[in-house]
Amino acid sequence: MKILWAALVLTLLAGCRADVEPEVEVRETAVWQSGQPWELALSRFWDYLRWVQTLSDQVQEELLSSQVTQELTLLMEDTMKELKAYKSELEKEVGPMAEDTKARLSKELQGAQARLAGDMEEVRNRLSQYRSEVQAMLGQSSEELRARLASHLRKLRKRLQRDAEELQKRLAVYKAGAQEGAERGVSAIRERLGSLMEQGRLQALTSHPLRERAQAWGEQVRGRLEKVGSQARDRLEEVREQMEEVRVKVEEQTEAFQARLKSWFEPMVEDLRRQWAELIEKVQVAVGASTSPPSQKS
């Protein structure tokens, strides 16, 4: 009878486990159904970790060659990069949010992000430790190491899932706060614009006489400017004519002065030229007389 009861209990427990475990898998998969790039990157890390947890022969081989830790490192970096980019996009939208609320939400978000990064780092470190432990066994049985690793990985996956869900919630709150602040900002701007438009309408009604006076004054100023411009053009033309008359007079006086100088100096030049010619002639006569040979006596 006890054997039958024991068999019945084991059957019930096995059935409960068979019913519960698929729900856990479905829940784990459903967590990452959002379309944000950082969540898709984390989903790839999650799926790869689930494959590592099988500890199959291929996993064992790649663990010993450090290929698994290298792949996890790349997936971690990709997740953190996408998460940082998404957070930056949200920070651009939180302008209208109150500063104290913004600081509180940002601090909570940073804490959740740090916990997720720490979980991923611990997974990688634990796998590196396992590789070192297996290599130190020098060919001995490593079943106990694999069992401890499998248990540790299950705990790490649960913690990773919990912290990832917490980060999702913090990001959702942060985004909701940003949207609420933006809506308040838009509402305030809309009210301000409405007030300004009403003020502008009232000012337009009251400023109509002022506009007419301003237009009349503008026409008057424009007429005066045109008159001044016309007078300036006339004056400029008059000055140009006077300058032309002065130029003609200067040229006439210059020509007269040149003619007078010519009348003064030409007689003197002619007289000097004549005297010079006479002097040359006398010198030549004198030189010729002094060089002629004396006459011979018979």
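Every residue gets a Cβ built from N, Cα and C, even glycine.
Per Swiss-Prot, the features are as follows:
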MOD_RES   Met137  methionine sulfoxide
REGION    74-244  region '8 X 22 AA approximate tandem repeats'
REGION    152-162  region 'LDL and other lipoprotein receptors binding'
REGION    204-272  region 'Lipid-binding and lipoprotein association'
REGION    260-272  region 'Specificity for association with VLDL'
REPEAT    96-117  repeat '2'
REPEAT    223-244  repeat '8'
In the region 'LDL and other lipoprotein receptors binding' (152-162), how many residues does DSSP call helix, how many strand, and how many coil?
11 helix, 0 strand, 0 coil
Quick one: average pLDDT across the region 'Specificity for association with VLDL' (260-272), no decimals.
82
